[in-house]
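Per TrEMBL, the features are as follows:
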- 1-103: domain 'Laminin G' (DOMAIN)
- 105-142: domain 'EGF-like' (DOMAIN)
- 141-192: domain 'Fibrinogen C-terminal' (DOMAIN)
- 349-514: domain 'Laminin G' (DOMAIN)
- C487-C514: disulfide bond (DISULFID)
- 515-553: domain 'EGF-like' (DOMAIN)
- 567-760: domain 'Laminin G' (DOMAIN)
- 771-790: region 'Disordered' (REGION)
- 799-824: transmembrane segment (TRANSMEM)
- 833-866: region 'Disordered' (REGION)
Amino acid sequence: GSGLNNGQWHLVSFSTKRSRISVIVDNDVTSSAHSSIPLQIHSGGALYFGGCPNTGNISECNTSLSGFQGCMRLIYIGNKAVDMISVQQNLLGHFSNLQIGLCGIMDRCLPNYCEHGGECSQTWNSFYCNCANTGYKGGTCHYPIYEQSCEAYKHRGNTSGLYNIDSDGSGPLGPFLVYCNMTDTTWTIIQHNNTNLTRVKSANRENPHTVFFKYSASLDQLQATINRAEHCEQEVAYHCKKSRLLDRPDGMPLSWWIGRTNETQTYWGGSLPAVQKCACGLEGSCIDSQHYCNCDADRDEWTNDTGFLSYKEHLPVTEIVITDTDRPSSEAAYKLGPLLCRGDRTFWNSASFNTEMSYLHFPTFHGELSADVSFFFKTTASSGVFLENLGIQDFIRIELYSASEVIFSFDVGNGPSEVTVQSLTSLNDNQWHYVKAERNVKEASLQVDQLPQKSHVAPPDGHIRLQLNSQLFVGGTASRQKGFVGCIRSLQLNGMALDLEERAKITPGVEPGCPGHCSSYGNLCHNGGKCIEKYSGFSCDCTFSAYAGPFCKKGKHVSAYFGTGTSVTYNFQEYYTLAKNSSSHASSFYADMTLNREEISFAFRTTRTPSLLLYVSSFYKEYLSVILTRNGDLQIRYKLDSHQDPDVFNINMKSMADGQLQHIKINREDEMVFVEVNQNERMKFILSSGTEFNAIKSLTLGKILENSDVDEQTMKASSQGFIGCLSSVQFNHIAPLKAALHRSSSVPVTVKGHFAESNCGTLTGADSISSETTHSFADHSGPIDEGEPLANANRSDSAVIGGVIAVVIFILLCITVIAIRIYIKKGIYSNNEAKGSENEDSGESALRSELSMQNTANENQKEYFF
């Protein structure tokens, strides 16, 4: 049989006949067992049920198996029922440790303590929960395995992508899939089932067009996510042609929407609740000042009312109703964007406890059968109680017991118990540390940071309910002893966040917020990014990094195309105010710009030789140049003594001017120079011309334009400049290429010649034929920011090119408008629309074209009039 220990009754039939034995379980003949032995079988004078007696020397009963634990009933021997009452009265057979007349098996899966759909299984003494595919873990599947927000994923160092989030933590709501957009501000994006631009016709009050939106999460899950977020918004666009939104003589709206509160809303994107207006009505910019929406002008041409709904209590939009598209030439189109939520107002919610006497108090914590507590802390004190909640006898407490020890202690009626985690390093180092404690009917556990989790198994058949009745004390105790001095952040009990900041505002000795996040999270700023403190969290300043993104990791190809004669020069002296205001000799204010080490990295792609890749100059005629020789070898030339010839280091490999992307790293430490090409083994060179790079002046990519006293090979390479693509250029903490592409007035970059952002794609076929021609790249994207040329760039060329482009674009737009007008008059679009759902995609495309055409025509009219 199977599942014979499932606590259910099972039928066993055992029979012998001569030398044949048969066993049948639950009348399942197909799985019965039969055996024949060459001996005659005799039952003997006694039959033993449940095991062999443990007293006396009974040779007839001998087994290595333990005795049976469970219940038996309806025992038949030789087709005759055994009278268990006679056994109880010692009139038939003998027994010991037996309960007759009842079955005392305890069903340990009733009630089922497995949470979140975990499957319960049991043994004689205990039960177990199978948490597979539930999204939870622990002895009772109580604790979530997913983070509660995109913000939490971001500060684990994760990048943009799809993630499961569990907004209420260990609460009843399950996890669901969202897209986390990890920009400087973290956005959670939740999609619904209808994001297309949808046309509406023939709708009126009696026959309205009603559309329902179903999201990738339940309304309860959405509400938990919205409540947790700092801000949420959803864009709604209503395009209209003789289709009004709000304007009716009786004041009733013609179209409306419904949110998760199931209430009718009559304000539209960009407006406010209880204000029956669109965004233009709120701003006073509607096309007809007599109305509060553009569409209420009721014009026979396409216009729109578009904006973001941002009142969290009404989001998301679950239904839109449209009733004014049944008049001649009347139609509308709507589009609802995904729900967008940013931030996590609980993740950085914190309080600073200034004395051992200070504490916050909250209502009693109710976690009778399952309780989990999580928070971050940082301190310089060696001990202190994080939180405590008392009952008549029961209690729960989490404390920093010593500088390297956290203790979780509790009592549910079985006597005090403790779970301890010890750290090999100090926990009072003023860094953020994470604590997670859980207690359920099976076990208690404690984890600190990424240290191994410690557990304490609950005693079998002991008390299981945690009964508390005092207030919850945070940062101290009811006795006001052993209080915690430091910061506590993101405190959550059973998935519910406590608002520490609001309570701290009205509590003496406690201050809202806690500064100093960079000490713990600064390592998330990569590639030279600088951690910047914020009140709620931190950000990474990637100004001096060749990378971008929230952690200076994104945009590994901050790249640019260089044309013939292009030069990008980064002037170091602009960082020193004396350079602008003093006529003193350079040595008086550049003495602190002496370098004993450089860290240089970049990538390039070209087929042109010789080429100058990088040049760093000095006010003392010292310099560093990195060039490609005529045969395509990489050559590094250091001149750190103006009275000696430069040290020349050749990296003799296959030609590096092969049109492939080459990655270079150059690190100097005093006289030692280390070079790494394409992540191959590092090569080591020794300088002989000095170890100090004095009074550095500027860094040049491409052609050198200043008068410079350099060697002949560097001069030849400079005369050719660099034609190709440079990527991710980093010189110590400076990212000159990025500074040139994303320039500001404070960055001292000069650009001359053809310079455009690129992604260093493959060379075009024509370019690869001959290295004697000017090379361009297939991904060449045109000059950046055409309306505002780079400083010192060739303005006259840009003006001419810009003028030609503007004229061509204007002519093309005019032709497009005329063609579409003719197309509409012929009725082609109407015929296509009549084909129904068969041409739904083409209908939407045509609608987009028509809306785009109308907008373009309006814009062109305005430009022409101006």
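All residue numbers here begin at 1 and follow the chain in the order shown.
Every residue, even glycine, has its Cβ placed from backbone N, Cα and C.
Whatever TrEMBL says is automated annotation, not expert-curated.
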Those residues of the chain, 6+ apart, with a Cβ under 8 Å from that of C514 (disulfide bond): S350, A351, S352, K378, C487, R489
Contacting positions for the domain 'EGF-like' (515-553) when only residues 6+ beyond its ends and CB under 8 Å are counted: 154-155, 157, 159, 182-184, 186, 347-348, 378, 430-432, 601, 728-730, 733-735, 737-739
Helix-strand-coil residue split for the domain 'EGF-like' (515-553), DSSP-based: 7 helix, 11 strand, 21 coil
Taken over the domain 'Laminin G' (567-760), the model's mean pLDDT: 83
Counts of helix, strand and coil residues, the domain 'Fibrinogen C-terminal' (141-192), according to DSSP: 5 helix, 20 strand, 27 coil
Local backbone state of C514 (disulfide bond), from DSSP in three classes: coil
